[in-house]
Amino acid sequence: MVVFCDPVGPEGLVGADFAEVVAGLVGQDYESLQYLFFLVGPDDEVRQAYESHIAQHLPLAAVRKVEGNPGYGPTQNAAARLVEGDNGLFLFLHDDVCLASNAVSELVTELSRSNAAVVGPKLVQWDDPSLLQHVGMGVDRCGEIDPIVLPGEKDQQQHDAVADVFCLPSACLLVRSDLFRTLGGFHPGITFGGEEMDLCWRVHLTGGRVVVVPSAVARHRENFTSRQPLIELTTMSETHRVATVLSCTSGARLLPVFFQMLGLSLLELPVSIATGKWKQGLAALRATCGGVLQFGAVAKRRRIVQQSRLVNDSEVHHLQVRGSARATNFLRLRRAESEARRRESFVIAKERERRQRFSVVVGCMLAAIVVVGSRQLFFRGVANIGQFVPFTESWRSLAAAYRLGWWPAGFGSLSPAPTGTALVAVASFFSLGNPALLRTLAIVGLLLVAAIGMWKASVSASSSRARTAGLVTYLALPIGYECIATGRWGALACYGALPWVIAAFNTARHTDTARASDIARQGVRLGLVIGVVAAFEFSFVPLCIVLFGLWWLSGIVAGGTTSIRGVASIFGVGICTALLLQLMWLGNYVNSNWWQTIVGFDSGVGLHKGIQELASFNFGRFHLATFALLYFFVLVVSLGTARGERFVLALRGATFVVAFLGLAVVGDTRVVNAAMPDPAVLLTVVALGLALGAIAAVEAFDVDVKGRKFGWQQPASVLALCAIAVGAFPLAVNAANGRWNQPSSSLSSLLSQLQKNPVEGDYRILYLGNSLLLPAAPRTIPFGSTDGLQLGYAITDDGAATLYNQWAAKKTSAVVSLENTLQNLSEGNTPRIGRLLAPLGVRYIVVPLIDGSRSTRAQPLPLPQGLLSALEVQLDFRRQYFASDLIIYENVAWAPTLAQLSDAGIAASKNAGSEALILSDLRGATPVKTGFIPGRATQKLDVRGGTVSAAIPSSSRWRLEIKNQKVLSRPAFGATQAFDIPTDVPEHTVATLAFSRPWKHVLLVVLQFAMWVFAVFFALGIRIRRRRQVEVTLSSDARDISFGGNQ
């Protein structure tokens, strides 16, 4: 008898279930039994206690310790090399199977009588032996299992006849040792899930019989998922099922069976989604498609199987279930559930249906409100406000910019492109040429992501009502809709991702019994979540670090039971993965202003909204936002009524609220002279903390308050429940707008008067003013104002701001030149600022005043003092548009981005310093290219002899080629670059402006792509190559066991 034992229990103690298992072994009436125990897992006090218990009750048993947990099949295969002889039988047993006293003797007798190869007992429920669990299993040609018995089916001797079955559960299998060795045992690549079907199928190919023996009875706990929650048994079982079918099916039937599996998987997916079993359907489809990727491993496995095949496929097919076992079982199960509901008592049925209906009804109501509130965003589009810029670039352009090594934001810089551009390029590729829909889904879809994540984050709650309360609270708080209304995509992404981070933390409670690969997989999944958000909002990384510290600290203070080591392991892997996924872009944050680069350049002064406005998540667009304060009352009630794990959850929620609301107040009042992340980003964690408090309050009402002695807890809990419902009322009110109160028009409509790619040549737009109002990621500099408000500035190419402009431009020589020019503007040193901006290609200066979302006519954001007066006195600035919401100046001294310089311009380009530029006039320059795209490697220019100026920072990587002759660049105007073309080159000569990408950048792009692919495949459990066979390392390989002899 070979027992696979995974010790689980209180520290230093043996679990009660395992004690019953051992007692069942001791009480067997079969005399010729020898015992071999495999103890897997860490060598801790629990495993030592199990070893002592075995030695006490079965002193002659052999015990082998196994390093780690290589899986059930690979571990049990070790018995073949430890036990000598081929004339015996192997009885493989789980450690949660308790055999009846005559079970072994009945199995041995029937195996001999029926001349069977494999036999197994009738398995019944552990706690109620009158309920059947398994009497063998049927299998169809696609490997789908037909369990034969229904859930909850009573044992009325209806299955007590010895019968041939296709498959038996691996929980208890009696196998002939010679055949087991001939077949090579369980497949070594199947760790968990599917090992019994693979073995029994191969037994049938040899002509052996698989028989169930109902006279042998065993109780089976069957709680693998609760003991190993990090192992995704559904995904693994589906993968192993497909591999087994493809390996054991004959060549003539292989293609029809494969397409049958594929068709059934496609049909099953919508059904599984509709019935709430989407993981099952998705796992089946993914496993079927993944079978093609495993072609090499399947072919090798088929060759091994064919060596032992003794019967043709038709005989095996005769033993299989006709049609689809899964479809048949689904219909049978639905009928059984209907019959069970008809027979159960009216009160029990109504109570169960009410609980199920409550969560479904609330979920449907929330979904309807979100759809109604977002309807105009789908029909009329999202306004171009804040970070909601249009996706005007194609996926090819974004991918080219990412590969190039030249980041075109601002004036451009020799640096890798942000990771976010590559992610948008991939998403645009799969959007089938509909970037507007992609942008809308990337905004509204985050509400759905947040809802699903919140439901997963509350999976540890004991009731669906508590989980529903957390979901309602998180979606009812104004923060997500304020982000939509004010164009804060980074904060909205944090709002959607935070529940998934908490869900990852919750899995840490199960890491003590998990394998290292499963812990790593959870960490990589967390890293993908953090990495995707950090690609657009890098402040999410330090936010998650603080969040982890508070989660860990509050758990210790409250005496929580969650494994600290497990949380640290998962988070450590996650944060390292997230940083590696940003490898190319990380260098952008290595500078003297690294903190401001991470959190964003702010205006230097607080908004002074006040703690009440911050606590109610009120940014001015959400009506009745003060209702959100009700959820603080719910949080306080949860702290007073919750006990045990519920109090730990409430304390964690309160810790998040206090800490991050405090940080938001610090940033709002600017009591500390340090930049803080956008207050909306910080308040997303406050919303998460309030949702955790709501979960704890409802769960505490059900467990800790209801039915107890009357006190203040009962009325307070009832009021908390009412507050959760009342607090959600403003959500319906704000949904009526259809746009979540997002302004229907924006500054971008006024900026449409600034042409893109005009015939006069390409140009740049300089945005000046409050950093919160600029349509591109700003940088800030002091502007001499006494109130400390700094001047925000941003540079874009002609036309509307694009995705490229959503990351702050790197500080280059051109940026330094611009900042020096703005300093001269601040100090009033010269009225010829336009000439200083001309070499940089700046044609328009735009000062946003009111955008309708963050700055309104009722509450306008201030401008740095003296900015407008300083612009008014400039001789080269012509006021083109003046209104209460926007001011536009044209720089009449501008020069095109790519320009053929005049003689005066050539002379000026060779000088550096503002004094020389002030005396120079570049207006004689003519464009050599219209539609210049800095993110493209090669572009055609129309040149002649002279000097071509390029308003991009000087870099030797840029070169000009004229008739296969290279023209090297030189610094120009002290900030940009120019190309001196021989004077004999005639007019309208076609030249090629090319950028030579660094080979190190090419290697980094390949490495970055490989890391993302590996992370996604590893997180999803997808394998291109076959799984490496697990080596089982035992404490001893001594062969001191043999059939027919004693130890």
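Glycine residues also receive a Cβ, built from the backbone N, Cα and C atoms like all the rest.
For reference, TrEMBL has these:
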type: DOMAIN; residues: 19-148; note: domain 'Glycosyltransferase 2-like'
type: TRANSMEM; residues: 358-378; note: transmembrane segment
type: TRANSMEM; residues: 436-455; note: transmembrane segment
type: TRANSMEM; residues: 528-554; note: transmembrane segment
type: TRANSMEM; residues: 566-585; note: transmembrane segment
type: TRANSMEM; residues: 622-642; note: transmembrane segment
type: TRANSMEM; residues: 649-667; note: transmembrane segment
type: TRANSMEM; residues: 679-698; note: transmembrane segment
type: TRANSMEM; residues: 718-736; note: transmembrane segment
type: TRANSMEM; residues: 1002-1022; note: transmembrane segment
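Long-range contacts of the transmembrane segment (679-698) within its own chain (CB-CB distance under 8 A, at least 6 residues past either end) are made by residues 454, 458, 461, 463, 465-467, 469-474, 477, 479-480, 482-483, 486, 488, 490-491, 494-495, 498-499, 502, 537, 539-540, 543, 547, 607, 609, 614-615, 617, 619, 631-632, 634-635, 637-639, 641-642, 646-647, 649-650, 652-657, 659-661, 663-664, 667-668, 717, 720-721, 724. Secondary structure counts, DSSP: the domain 'Glycosyltransferase 2-like' (19-148) has 44 helix, 38 strand, 48 coil. Against the transmembrane segment (622-642), stretch 718-736 has more CB pairs under 8 A than any other of 436-455, 528-554, 566-585, 718-736. Long-range neighbours of the transmembrane segment (649-667) within the same chain, counting only residues 6 or more positions beyond its ends whose Cβ lies under 8 Å from a Cβ of the stretch, are 546-547, 550-551, 553-555, 557-558, 606, 611, 614-615, 632, 635, 638-639, 642, 675-677, 679, 682-683, 685-686, 688-693, 695-697, 699-700. Contact between the transmembrane segment (718-736) and the transmembrane segment (358-378) is supported: at least 3 Cβ pairs lie under 8 Å, counting only residues 6 or more apart in sequence.
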